[in-house]
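Peer 1: Structure incoming, see below.
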Amino acid sequence: AQAVPWGVSHGPLLFQMGQVQGMFSGLWCRVAGFQEARLLMVGLDGAGKTTILYRLKLDQVVRTLPTMGFNVETVEYRNLRLTVWDLGGQEKIRSNLWRHYYFGTQGIIFVVDSGDRNRIEDAAEEFQHMLREEELAGVPVLVYANKQDLPQPMTVNEIAERLGLLETRHRQWHVQNCTATTSEGLENGIEWLASVLEEKWSWFCQAPQPAPR
């Protein structure tokens, strides 16, 4: 699968919280042999989010219905245990539900229907609105350009431009071609996100901790 790794990285941020942070970050690094992360999977309805979730979880296509609330599954990849929250993409859910799940998110998966040019502006509006939320500042973003098997799908370059990613700063991001029904491209995307998360964890655990007072 083709992928274009756009993005700007300015490194993870470490918020100094004194002695408490030093104690708990050290503990976290010692017990994190199987590291855990909380991921948020969002996008417009019909983009293929739930199909992607269960392809990643079960490596098979499952019959799905429109998600009216959320699905949550744990996906194990390499030494990572990823808790993936798949939120419904209908307009009412986007406006009323999404923001309640932002806190604690360590990675965003945004799914786009590559064959739906009529709704790409709606997707871009929701995407940019989400990225402006303070709770998601600096959180890395994986965009799955799904349904590449459709006739004349949007390219990763076009999707990156239409979503406004070319102007995005202080955030790592990546657009990945994929077709959820065949799983093509899915592992490439999750590999990128896993590598970003591992890099951040490695930096955090190796950073000097404040001395106890």
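Glycine too: its Cβ is placed from the backbone N, Cα and C atoms.
Predicted automatically and left uncurated, TrEMBL annotations should be read as such.
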Peer 1: In TrEMBL, GLY43, LEU44, ASP45, GLY46, ALA47, GLY48, LYS49, THR50, ASN146, LYS147, GLN148, ASP149 are given as binding GTP, so which of GLY88, GLY89, GLY107 is in that site too?
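Peer 2: Among GLY88, GLY89, GLY107, only GLY89 appears alongside GLY43, LEU44, ASP45, GLY46, ALA47, GLY48, LYS49, THR50, ASN146, LYS147, GLN148, ASP149 as GTP-binding in TrEMBL.
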Peer 1: When you measure from the Cβ of THR67 (Mg(2+) binding site), which residues in the chain that are at least 6 apart have a Cβ under 8 Å away?
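Peer 2: In sequence order, the residues whose Cβ lies under 8 Å from that of THR67 (Mg(2+) binding site) (at least 6 apart) are ASP45, LYS49, THR50, ASP86, LEU87, GLY88, GLY89, ILE93.
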Peer 1: Tell me, if you would, which residue among LYS49, LYS147 (binding-site residues) has the fewest other CB atoms within 10 Å in the structure shown?
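Peer 2: Comparing Cβ neighbours within 10 Å for the binding-site residues LYS49, LYS147, LYS147 has the fewest.
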